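Down below is the structure, laid out as C-alpha cells.
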Amino acid sequence: MHLLTRSSLVVAVVIAATAAVHAHGEHDHDMQMPLDYVKFPYQAVYPGDNEVTADSVFSGIATFAKLPWVQCLGKDKTVPFDIAFLGAPFDTGTSYRPGARFGPAGIRAGSRRLTLYGGYNVPLTVNPFLAGLKLVDCGDIPVTPYDNKFAIKQIEDGHKELLHRPTFSALGNDTITGKPLVPISADGKHHPRIITLGGDHTIVLPLLRSIYSAYGQISVIHFDSHLDTWKPEVFGGAPSEQAAINHGTYFYWASQEGLIKNGSSIHGAIRTTLSGPADYANDDASGFQRIEAREIDTIGTDGIIKKIRETVGDKPVYLSIDIDSIDPAFAPATGTPETGGWSTRELRTILRGLDGLHIVSADIVEVAPAYDTNAELTTMAAADVLYEVLSVMAKTPLGKAAE
Ligand SMILES: [Mn+2]
C-alpha cells in the first residue's frame, strides 16, 4: 500500500513537471488542458484508481457530469464527439426575472454527482456514460449581453458548427436485419447530438434554425408552463423589431419561418393564464397540440406519455424543456415561475416514457440559479432531467432500417 502510494506520487510529480515544461516552452495557453484529470470514458484517475471515490464529486472544475471539456468552438475544432453539452448563457430576452445567463454554470454544478456511483439508469437499463458514445462538454457559446440580434446569430452559428461536425461513432447496424442504419436527417448525414444548457427560452429560435439546416422541418416536444407561441403584439408589445423576439414569442417566429412541423408538435405542463382564448387559436396555428399541467391528475404520467407518442410518432423530434414546467416547489430558480406544475419525479417519468423516440437534440432553459435554494434544488433538477434525456438518446441511434 505504501509502495503504491509512493509510486503514484512519483508519477504525479513527473507529470506535473512535464506539464510545466510544456507550458513554459510553448507559451501557448490554448494548449493547457485544465480538466485532464478527467478521462473518457468516465474513469477515476488518481490516487486510488478505479475507486468511485477517487475523483471526489465535490472537487475539481465543473463540467456537465464531470465529462471531459473539449473546446469544440476553440482549439478542438477537429475533435469528433457523439453527444455534446453546450452552454448558451443568454438572458436578455426575459420578461420577468433575469439571471438565466448563469444557467449553464449552475446546471454543471448541479450535475456533479451524476456519475458518483457510475451512472447506471435503473428504469431505462442503460448507462449513458458507458454506452460506447463519446460524450463531451463543449463549454459555452460566446454570447454578447449587449446586442440580442448579434447574440442570436452567435447561438445559431455555434450550434450549427457543432451539429455539422462528424460523429465519433458510426451509426451502426439494424439489430434485426444486420444492415447498416440509414440516417434520419434531411441531408442524409449522420449528425452528432447537442444538449444545450440555457439561457432563456429565446435561444430556441436560433437552435431550431440550426436544426433545420440538418433535419428540415422538425417535430417539437416542448415542456413549459407557458405557450411561448405568443404574437409579439400580445407578448412584449413589440416596440421594436428586436423586442419582438423574446422568450414568449420565439415559437411564433419559428413557426412563421417554417421550422416546426405542424400537427406533430406538442406542449406539456401548460398552466399559464392567457390574454384570452385567442392565444390558444394562435397556438393551434403555430402547429402545437397541448397537454395541460392539470391533466396529470386525471390521465397520469402514462396518459401524458401516450398523448406525446401519438402526436410525434416515429418522426425525428427536437426536445425543449423549460425548467418552469416543474413546480416551483421543486424548481424555484426560474424566470417566470408558475405554481401547479409537475414534480421533478413526474417530469423524469414522462421523459423516460420517450424511450425509443428519435430525439435529434435537446435543451433545458430558464434556469436562473440566483433564485435557487441553498440546497441547489433547481440546478439538481435540471441536471437529473437531462440525465433521463441523455439515457433515452444513448439507447436510440438516429437511424432507421434500410427500406
Ligand atoms: Mn418557456
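If you go along the chain as it appears here, the first residue is 1 and each next one adds 1.
Every residue gets a Cβ built from N, Cα and C, even glycine.
TrEMBL annotations: computationally assigned, not manually curated.
On a predicted model such as this, the values are computed, not experimentally measured, just so you know.
Positions annotated as signal peptide by TrEMBL: 1-23.
Around the Cβ of ASP224 (Mn(2+) binding site), the number of neighbouring Cβ atoms within 10 Å comes to 27. The Mn(2+) binding site annotation in TrEMBL covers HIS201, ASP224, HIS226, ASP228, ASP322, ASP324.
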Field: Under 8 Å by Cβ from HIS201 (Mn(2+) binding site), counting only residues of that chain that are 6 or more apart
entry: GLY93, ASP224, ASP228, HIS247, GLY248, TYR250, SER320, ASP322, VAL365, GLU366
- line: Same chain, |i - j| six or more, Cβ under 8 Å of ASP324 (Mn(2+) binding site); the result in sequence order is ASP224, SER225, HIS226, ALA331, THR334, GLY335, THR336, PRO337, GLU338, GLY341, GLU366
Task: List, in sequence order, the residues of the same chain other than HIS201, ASP224, HIS226, ASP228, ASP322, ASP324 whose Cβ lies within 8 Å of the centroid of the Cβ atoms of the recorded Mn(2+) site.
output: HIS222, SER225, LEU227, HIS247, SER325, THR336, VAL365, GLU366
- request: Please work out the number of neighbouring Cβ atoms within 10 Å of the Cβ of ASP322 (Mn(2+) binding site), leaving out its own Cβ.
  value: 28
